[in-house]
Amino acid sequence: MSTLVLLLVTGLGLGALYFLVASGLSLIYGLMGVLNFAHGSFLTVGAFIGWEVSRRLSDGSWWALVAAMLVGALVGALAAAATEFFLIRRLYNRHIEQVLVTVGLALATVALFEGIWGTDPTYVTSPAWLAQTTEILGARIPNNRFLLIALAVLVLVTIVGFLRFTRYGLIIRAGVENRTMVTALGIDVRRAFTVVFAIGGAAAGLGGVLASIYYGYVSAHIGSSLLIFAFIVTVIGGLGSLGGAAIASVLVAVLQQFANFYLGGTGDLAVVLALAAVLLVRPRGLLGAKGSTA
Amino acid sequence: MTEHGMRGQGLSGQRRLIIKIAAGGALVALLALLPLLNISIPGVFPGPTYTPGTLQLLAYAMLIAALALSYHLLFGLAGMLSFGHALFFAAGAYGLGIVLRRFSPDWLSPGATFLVAVVITVVLGFVLAAVVGSLSLRVTGISFAMVTLAFAQAGSVVVRRNPEGLTGGEEGLSLDVTNVPSFFVGVLNTRNLYWLALGVLVVVYLVVLWVERSRAGHVVAATRENDLRVRVIGIRPYGVRLLVFSIAGALAALAGAAFLLLQSGVSPRVATPDFTLTLLVIVVLGGVGLRWGAVLGAVVYTLLDQRLTALAGSDLIAGLPDVLRIPLSQPLFLLGTLFILVVLFLPGGLAGLAKLGEHRTPRGPRRARTIAAEGTTR
Amino acid sequence: MTDPIRTESPRTESIRTEPARTEPILRVRNLYGRIAGQQVVEDVSFDVPGTGVTALLGRNGVGKTSTIRSILGLIERTGEVTFAGSRVDRLPTHRIVQRGVGYVPEDREVFAKLTVTENLRLAERDAHPNRALVEALFPDLVQRRAQLAGTLSGGQQQMVSLARALLNTNRLLLVDEPTKGLSPKIVGEVTEALLAAAATVPILLVEQNLQVIRRLADRVVVLSGGRVVFTGDAADLLDDPELIQRYLGVHSGADPADTTTDAAVPA
């Protein structure tokens, strides 16, 4: 029982990370049809700079952690908005080229991160409480899992609220459904593109800081390794569906934890098999719209 | 072509073909003679062309070119943006490595065993591609890209986990030379390996040419432009796509097998999704949709990568301030930036640049593809 | 130019008072449109006068919708499009619309996952949109304001689509097959709404239903093979069964082959 609870909560924590990456990917894809390979780099740069700032403030305190998260989200948002503005926008509606540019950016930035911060992991110091455990139903659960889950839920609620109650949110929701018609109503949908990139980048940057708490370190590849799972999550959840991304994040992460524990560390393979199964049964994903299998 | 009259066109077309074949033959002959010549191009090659170092580099470039050609079948011809092609290259390299270790029957001579092992490896690549393709091709466009990426990642994970000691994990797998013909073993035989790589490149080129000219090739090129048009004439695009995907997988496996021989081993790096991204960079750098664009891209990329790595370690760079030193000491940063610039400003790639002088515009077919891609992704 | 002689139109009088030769609100010259490299609009030229309804007619697949979409820049196009005296053929779609164009697309294209209210809010460009007018025209929508547009009937969706165009003060409406697939009763309501709108704003209308055309159109532009083959007063075409047969491929009554048109003709 305690193992079950531990796996479940740890899975939820990992799912929270996946969601922070996948939410942006899914929104960006849904609105713009862009598969963003550079999304992992937004996460990495957010994590690195977030921790740099935090380290200079006061290492290991709660204040420093909050600062790291805020800076991480801000840096992620800026990096993403700049990417949209300077690279993606120039290739408006040329989806393949847009993907290619993000691929180039991902390769270049990871190399740059290695140049700046080195190839070895940089270990981070977070408040002591996060490294301790709390006992729930006999399971000793690392406290950082609770932080991850709480913040992912907060991000989900914030994004949903933004989409539901603001004009930009309205434009984005409409644009995900039918971008052409939004334009035909006299709305410059490109501004919404920048907003979506910024939101996705902020979530990823925050995710970067949290991922480094989860793993205990930052590295130049932390973003790209999470990105692949985020891709799988978005396909399973249904491209462009935020709710789908949330559900699939949890399912994938929990499945991964269970397979790792009970099936001899085969978590990654189990996830790919799950992806194959979803494709066979339901190519458009759990909550994907009809006709959006492409 | 169009400036010629109707009467002259057939003849001129035939003449062009003959010239093309002659030029291709001459190029291959020249490349074949290279190990016997003493040509030095400082700054491009590490030494004269007969030295093992240069031959190794050139052979490496040719195998990457063969791999890029097989990727061209997917992306250039069929418009399938696969992020998992490295999987089949790795399957070829690891496949041959494993088969050579495990398959050594008494009733076959070492030479025959080697040949059978190569055949098994290529068939393995084909079958693996057929399985992966049959699942991935259920979706198109961007989903397809993500799904192939996921499979490649799974392959990478398997390789690193070293199941039953098959793949050697992080250490990689070294070549078991028991059944490998002796003329393919050792630094002294780099020349033979060079010729092998050239042979593989020519074979892959011819197969790719044959596929492009075949009925399946025409159909799959048509599905790139317009899925519906193909459905209308009663062909399911799925079948031909799967066939092309599988052939490309087999060709990649062949290149991978030769790669194992050339490097006397293989590391898990070739199984990573990053390696596929490199392929994509090569094909786009050279010029999407053109066979020799893929070859050109591979050669340029490999040489650049090699030279930039040498540059990164040089004293010149080490003496620079951080702002310059850090980016310049990262070859992938420079290559990635170059790639972005090519995508933004040189849509036809290097081949397109060459064509720009020759013809008017290289953008026509690319435009159409982009719009077709839009049609399938939305 | 605009000289409607049809007496059944309630607007006739107001139009008669306009100067006989007003500057056209929309001038289209040598317009070409392409979709995925295929030519779908070929050298189309016509004017839309500053008042009344101009119907863009032609057989199915002749390029009427593509013409409208090229005018708006929704498909790749070349040629000259002058709207209210200035060239718009290089502008992106949203900028053209912002200059005062209302667009009612074929197949309505409401946002299925947004509520009726959200659909309308999204369309509001003016500081003071005509919410009262729209609510008066389509009382049904007021009742269903919180409903997702995707769950509405076809007729109600068409009302949302029309309302989106009528909320703002436009200088031109582009209305593409507003009665397609609707029941006779709804066709009547849509027709009356357009008639009311036409009193204040010129309309370029694509329509298959001859009865609706008769009721609304002052002038007609007929396309065939992507080109304009006939331009003139609506009556000149509609009173000539032979012309109707030749250009539209229908008999002056209802076309038995075209069930959509057939079913949609108001009794």
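Residue numbers in this text run from 1 along the chain shown.
Each Cβ is built from the backbone N, Cα and C atoms, and glycine gets one as well.
The transmembrane segment feature in TrEMBL is assigned to A:6-27 (among others). Outside the transmembrane segment (A:6-27), and at least 6 residues removed from its termini, the chain residues within Cβ reach (under 8 Å) are 35-36, 39-40, 42-43, 80, 136, 139-142, 144-146, 148-149, 151-153, 155-156, 159, 172, 176, 196-197, 199-201, 203-204, 206-207, 210-211, 214, 223, 226-227, 229-231, 233-234, 237, 239-242, 244-246, 248-258, 261.
Taken from TrEMBL, the feature transmembrane segment applies to A:34-51 (among others). Here the transmembrane segment (A:34-51) has Cβ contacts under 8 Å with residues 20-21, 24-25, 28, 67-73, 75-76, 79-80, 83, 88, 95, 98-99, 102-103, 105-106, 109-110, 113, 116-117, 122, 124, 200-201, 204-209, 211-212, 218, 220-227, 230 of the same chain, all six or more residues outside its ends.
Sequence-distant contacts of the transmembrane segment (A:63-87) (same chain, at least 6 residues past either end, Cβ-Cβ under 8 Å): 24, 38-39, 41-43, 45-47, 49-51, 53-55, 57, 101-102, 105, 126-127, 130, 151, 193-194, 197-206, 208-210. The transmembrane segment annotation in TrEMBL covers A:63-87 (among others).
The transmembrane segment feature in TrEMBL is assigned to A:99-117 (among others).
Proximity of distant same-chain residues to the transmembrane segment (A:146-171), defined by a Cβ-Cβ separation under 8 Å and at least 6 residues beyond the stretch ends, is recorded for 9, 12-17, 19-20, 23, 27, 69, 130, 134, 182, 187, 189, 191-192, 195, 199, 203, 206, 210, 213-214, 242, 246. According to TrEMBL, the feature transmembrane segment maps to A:146-171 (among others).
According to TrEMBL, the transmembrane segment annotation covers A:192-215 (among others). Here the transmembrane segment (A:192-215) has long-range neighbours at 13-14, 16-17, 20-21, 23-25, 27-28, 31-32, 36, 39-40, 42-48, 50-51, 65, 68-69, 72-81, 83-85, 88-89, 124, 126, 130, 144, 147-148, 151, 155, 159, 162, 168, 171-172, 175, 182, 222-223, 226, meaning same-chain residues at least 6 beyond its ends whose C-beta is under 8 angstroms from one of its own.
Counting same-chain residues at least six beyond the ends of the transmembrane segment (A:227-254), those with a Cβ under 8 angstroms from any Cβ of the stretch are 7-8, 11-19, 21-23, 25-27, 29-31, 37, 39-40, 43, 156, 159-160, 163, 176, 271-272, 274-275, 278-279, 284-289, 292. Residues annotated as transmembrane segment in TrEMBL: A:227-254 (among others).
The transmembrane segment annotation in TrEMBL covers A:261-281 (among others).
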Residues of the same chain, at least six outside the transmembrane segment (A:261-281), with any C-beta under 8 angstroms of its C-beta?
-> 3, 7, 229, 232, 235-236, 251-252, 255
